[in-house]
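The active site, nucleophile feature in TrEMBL is assigned to A:Thr191. TrEMBL lists A:Thr154, A:Lys180, A:Thr191, A:Glu277, A:Asn399 with the feature substrate binding site.
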Number of protein chains: 2
Amino acid sequence: MPYQTVKGGVCAPAGFLASAVSAGIKNPDAERLDLALIYSEHPCVSSGTFTTNRVKAAPVRVSHAHLRNNEIRAIIANSGNANACTGIKGLEDARTMANCVAKPLKIRRREVGVCSTGVIGLRMPMERITPHGQDLVDKLKPNNGTKVAKAIMTSDTRHKELAITTQINGKEVTIGACVKGAGMICPSMATMLCFVTTDAKVSRNCLELCLLEAVEASFNRITIDGDMSTNDTVLALANGAAGGSRIQRNTKGCRQFRDALEWVLTNLAKDIVRDGERVTKFVTVEVKNARTYLDAKKVAEAVAKSQLVKASWNGNDPNWGRIIHAVGYSRAPIREELIDIYYEDLPACIGGLVADTPLDKLREIAREARFKIVVDLNLGKSDYTIYTSDLSPEYIDFNRSEYAYWNQARKEGMVE
Amino acid sequence: MPYQTVKGGVCAPAGFLASAVSAGIKNPDAERLDLALIYSEHPCVSSGTFTTNRVKAAPVRVSHAHLRNNEIRAIIANSGNANACTGIKGLEDARTMANCVAKPLKIRRREVGVCSTGVIGLRMPMERITPHGQDLVDKLKPNNGTKVAKAIMTSDTRHKELAITTQINGKEVTIGACVKGAGMICPSMATMLCFVTTDAKVSRNCLELCLLEAVEASFNRITIDGDMSTNDTVLALANGAAGGSRIQRNTKGCRQFRDALEWVLTNLAKDIVRDGERVTKFVTVEVKNARTYLDAKKVAEAVAKSQLVKASWNGNDPNWGRIIHAVGYSRAPIREELIDIYYEDLPACIGGLVADTPLDKLREIAREARFKIVVDLNLGKSDYTIYTSDLSPEYIDFNRSEYAYWNQARKEGMVE
């Protein structure tokens, strides 16, 4: 453990407050936290990364716009409705969400980030949200981080948060974060929400670079089902409460901050995979010695996304034939006769041919809840690692139908 | 029906003989056809298309080499073992397979195409194959087409063959074909075997062009699970027995032949989807008015391959939100606010927003065993259609494990 973990999630860094309420966004009769607010007592520098899906949810567009010319210092987030494919009214709704906390906080609307996650295509039930604006602000406390992590859950089975402290430039700084995500998870900004808070006094330049690099090494390296969502967002707020001189880009302090942030986000990314919908395995796919970084990435993604490979993992089957077939269609240059495939340290395939490891030894590894597949291309010097899961019959069953919910939503007038 | 269908499959065209035997390739104790031979009494012009997977099975390499400088007039094919990832010995085995029928046929080895389908990574049990060479030749008959179609089945639940007659340049010509394929099905030469025979007197140039275009319009437009196999092969033999002058490239006759071939292969491609592993739906995805042909293709493939879209089809769920989210990540240029999505003729989404079609009307369509999804991008003039299936929990379950079979194979010494 290279860092000291601490409690508190997004409220662990100094000067961050949070609150969450049960607004009944998906179901007015259910009592569960589904609307949350994060607020920094001090002004922040801020940064964000967003889905690369060309169909972008309204809150993604609004948060992106707010970040472009402003520093945000508050985030309002909800689960139960994605506010995606909702057109101009959806944009108005997202702005109204920001406004309903900006007013009681006495800050500008543009200082508030907005994030939503849930069903696509339904209007936000604004009449259940705006009345809670004042309430959210009144309930702000410095120990409510976990409530935020809970309020953004959808098909997640557990809340996911992490906070660490580390020394940068002689000051103790704290980084806290929470994430949600369990389905529609795919590299290129995995389908998820993540909020990062820190009291480190970093420049905006430094924060932007560190966030991009940390997301590339963490959330962009996980895949559960290969489906990229419309709502993926990571927002990072740094309020400088730790003091000291400002950490500038391209300094040792900036690199230390990047490493710490990457460690936090990588651990949360792995948590997302472990909590993937109906997932039974956590599999690390390590591609070694590709000609280029992009080749290694293509091979790792082809293996990690193959339905047949993932089905075999679900069946505890050390089926290297399916792995090499995915390597072959990855479009990366490979030489079949040079490919080695390992389950942990045991060779299943050497030089493109079956290895002589006893099958029951490989089977023992494939039975584990977490194991590593190594694909050595023996062509160059580039490596890439991806974190993924099996694919279970239960996943398909779980995702067969949202019809009943839609039917109910129509009756309630959420569809116009 | 633009063409007259006839019986006989690959034996329907004049001058083609076939045979099949039970060689026990996968299981010596099971009595099922698994080794087949097609032979033309006359010399042929020939052509083939092969998997674009960079991991290529030995028979793919051997058939490709034979076709490069020769005309093949016979095909030996087996199910139960793919002879893939078997190295130099696998190449020797594939050549030996060609040889074991070439000798009794008194033709050169290079006039024989070789095709295998089944498990990856296991040596071919040659001792169960070569003794059948003479037998296959002795049993050649002009009415054994269906036996070939049966002998190449793996997880297929039924054999798939088709033959038609048509008039070209005043001569009646016949085209026959059979295919196999039910899993590892993905565009770019779907995971399958297909043998085409015809008595049309076509030039090699004409046959090559027609085959490429017909495959592009048929097998390259189907996807079941997005996994591209190592063994995909289409072989076409034209023996000219119908007589007349030779049909040259870029003539009306060549276009007529191409149209007829495309019709046969498209129907067989659709048959493959209908018989996909644990498939319950046949879905046509039609993308309209994209900016370019490639954009339309990207969108169609993203929708047809999305696990979440396919799971919703399995659940009879008219979930257009998942369709538009796949359109968004297809990497084709789109404008969200212009996208219309239809189930058959009924709009589910107009201008990127939910349409007012009653949900139960859409549900009725999604319940059908076959339906069409239309995605109208309203951006340009290019269309693309793809044929695909749902994804069922049973598919994953079916593909969980080949372990028991491998274990048995090791005991029998098929792994060295």
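Each Cβ is built from the backbone N, Cα and C atoms, and glycine gets one as well.
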Note to self: By the criterion CB under 8 A from chain B, which of the binding-site residues A:Thr154, A:Lys180, A:Glu277 would you report?
What the structure shows: none
Next item on the list: Could you find out if DSSP has A:Lys180 (substrate binding site) as helix, strand or coil?
Entry: strand
Next item on the list: Give me the non-local Cβ neighbours of A:Lys180 (substrate binding site): same chain, 6+ apart in sequence, Cβ-Cβ under 8 Å, ordered along the sequence.
Entry: A:Ser79, A:Thr117, A:Ala149, A:Ile152, A:Met153, A:Thr154, A:Asp156, A:His159, A:Lys160, A:Met192, A:Leu193
Notebook entry, point to check: Counting only other Cβ atoms and using a 10 Å cut-off, which of the binding-site residues A:Thr154, A:Asn399 scores lowest?
Noted result: A:Thr154
Next item on the list: Starting from the Cβ of A:Glu277 (substrate binding site), draw a 10 Å sphere and report how many other Cβ atoms land inside it.
Entry: 23
Checklist line | Structural state of A:Glu277 (substrate binding site), classified by DSSP into three states | finding: coil
